[in-house]
Amino acid sequence: MALGSMRKGIASSLIERAQGERMPNRFAFRQVDQRDLATFFRDGEVRAKLHEDPQACHQTSHVHIVQRRNSDLVEMPHGGVVNDYVAFYLSPVTAFTYAIHQGSVVVLSPTANRLGMSDASQRAFLVASVPTLFRNYPQVCFSNYALNTNVPLPVVVADQSQFETHINWLHFDDTPRTADIPEIGYEGVCRYFNSSPTPGPRHHRSTERMAELLVKNAVSISDFCAIVLPTQRALIAAQALARENGYQGVMVCRPECFI
């Protein structure tokens, strides 16, 4: 698909609310280590951790989180466990992004050697239009809370008609906004993501902002409409990889997506 046509399709692709009100297109964000981009381009797809032909990638999840996502603690509508799916957050600005920004997340090599703390300058976002994922993949589901939390215990559903109600979009669509990507029609997200210590509508904001969209098995590189980098230097390197592999999506530098 030509880049101009893809941009036009993304900008005009709108989900209809149940009551007929039009709403902005939603986007899904897969945060990765830049050093793994070559693997994704080589394979032509991003694979789930438990894929039958897994990809050797850098790891930024704590061991107990990986174990949790390999368990059946959360019921998945399409079967399997969380790590049978390619997981996305629904905005770039989350508590996870902030933890990396603060230098508090360990990064492991593809062979599980500790490389120190992950740095925001090493990260990238692969961005997909949610309507594209719903249209192109039969096994898509989504949660109302982060799948790394027990309180509250998340619920995962697959009914696309619940996408605007199962997720608390007020925490995403509130103002002030940051991290917009006008090249694909993404209007950004509320810059505030922490939970309130007192009971109320923002008491679980952090975990609600980390609600996940999950695609079983793998997602084709061609279904990512954009790749977002934190620095101009990283962008230039990623653009070279993209050219070598015929990637036609948008490539942008947006430091604010990485806090």
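Cβ from N, Cα, C; glycine included.
These features come from TrEMBL:
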| type | residues | note |
| --- | --- | --- |
| ACT_SITE | Arg69 | active site, proton acceptor |
| ACT_SITE | Glu212 | active site |
| BINDING | Arg30, Gln31, Val32, Arg69 | NAD(+) binding site |
| DOMAIN | 26-259 | domain 'DarT' |
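Checked against Glu212 (active site), the recorded positions Arg30, Gln31, Val32, Arg69 differ in C-alpha distance, with Arg30 being the nearest.
Counting every protein chain shown, 19 other Cβ atoms lie within 10 Å of the Cβ of Val32 (NAD(+) binding site). Across the domain 'DarT' (26-259), mean pLDDT in this model comes to 94. Arg69 (active site, proton acceptor) is 17 Å away from Gln31 (NAD(+) binding site) when you measure Cα to Cα. Under the DSSP three-state reduction, the residue listed as 'active site' is assigned to strand.
Residues near Arg69 (active site, proton acceptor) in space but far in sequence (CB under 8 A, at least 6 apart, same chain), listed by position: Lys49, Ser61, Val81, Val82, Asn83, Leu147, Asn148.
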